[in-house]
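Colleague: Per TrEMBL, the features are:
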- 1-20: signal peptide (SIGNAL)
- 24-112: domain 'Apple' (DOMAIN)
- 108-146: domain 'EGF-like' (DOMAIN)
- CYS117-CYS134: disulfide bond (DISULFID)
- CYS136-CYS145: disulfide bond (DISULFID)
Amino acid sequence: VYYILVQFLLFYFSVRITLTRDQCRILAFPSTLFFVGERLVNHTIANISVIDRDTCEYRCYVDHNCVSVNFYFGENGAEAHNCELNNSTSKEHDKDLVKATNYVYHGTKNACGRAHCNNNAICQSGFTNKGYRCLCSVGFTGAHCEQGETVISVFYL
């Protein structure tokens with residue numbers, strides 16, 4: 001009985017890992033992309049109130065379109081701080097990284113900076129073995145949304 005239970009558990013977890021592998025996100029915030037007194041502008045996708053910078057970075061991790069954050073730490077003693085989630089990084093838009101008092105910018109290793117998602121697809125960093133995935137627009141398929149779907153229209157007279 002013990003042997004059967006162990007085999008079942010091994011099978012269950014191996015199947016579960018296989019089924020959810022593409023849904024897992026790995027997102028690194030390296031210290032080389034951490035800038036005090038700066039902020040990335042023109043790429044904000046959400047503004048949220050958080051208690052600390054770690055929570056801000058966590059919120060970026062769970063928002064699949066986020067690849068960097070601007071954290072406003074404001075006045076001393078403030079209980080809540082503003083967290084801006086961005087859909088780009090300073091590596092892709094270095095001119096949009098501007099001086100900003102009381103802000104900290106932190107970017108991720110953004111695989112979408114080098115990815116080639118075609119046909120207005122949305123690139124999401126941190127997924128699959130490639131480090132990104134492409135969400136295809138309607139009518140397109142393929143790893144990079146490079147294949148148009150064939151549409152056959154039938155008209156009856």
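Using the three backbone atoms N, Cα and C, a Cβ is placed for every residue, glycine included.
Mind running through what each feature is packed against?
Modeller: Helix, strand and coil counts from DSSP across the domain 'EGF-like' (108-146) read 3 helix, 10 strand, 26 coil.
In sequence order, CYS123, TYR132, CYS134, LEU135, HIS144, CYS145 are the residues near CYS117 (disulfide bond), counting only same-chain partners six or more apart with C-beta under 8 A.
For CYS136 (disulfide bond), the same-chain residues that are 6 or more apart in sequence and have a Cβ closer than 8 Å to its Cβ are ASN119, ALA121, GLY142, CYS145.
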Colleague: Judged by the number of other CB atoms within 10 angstroms, which among CYS134, CYS145 is the least packed of the disulfide-bonded residues?
Modeller: CYS145
